[in-house]
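**Student:** Have a look at the structure that comes next, please.
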C-alpha cells in the first residue's frame, strides 16, 4: 500500500502540483496505529524539507482509506 503527499499551488492563471509517493512497509501495516501515523508524519516532514516549505503555514488535508470502525464523528479505531 502506498500513500501520496501533494503540494498544490493555485493562483489566478497558474496551477502547479508537486507529488511524492511513499510506501508502507508490511511491518507498519501490521503494526500499531501509532507506528502508522508516525511514519506518515515523518514522510510529510521530509516532503516539506525537500520542497523548502517546512517553515510555511500550510493548510493540511488528509484522506484516510484504512479499514476502521467509526465510534464517533471524529474518532475511529483501526481494524
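Cβ atoms here come from the backbone N, Cα and C positions, even for glycine.
The annotation domain 'Hexokinase N-terminal' is assigned in TrEMBL to 1-78.
Mind mapping these onto the model and telling me what they sit next to?
**Tutor:** The average pLDDT the prediction assigns to the domain 'Hexokinase N-terminal' (1-78) is 91.
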**Student:** In the domain 'Hexokinase N-terminal' (1-78), how many residues does DSSP assign to helix, to strand and to coil?
**Tutor:** 22 helix, 29 strand, 27 coil
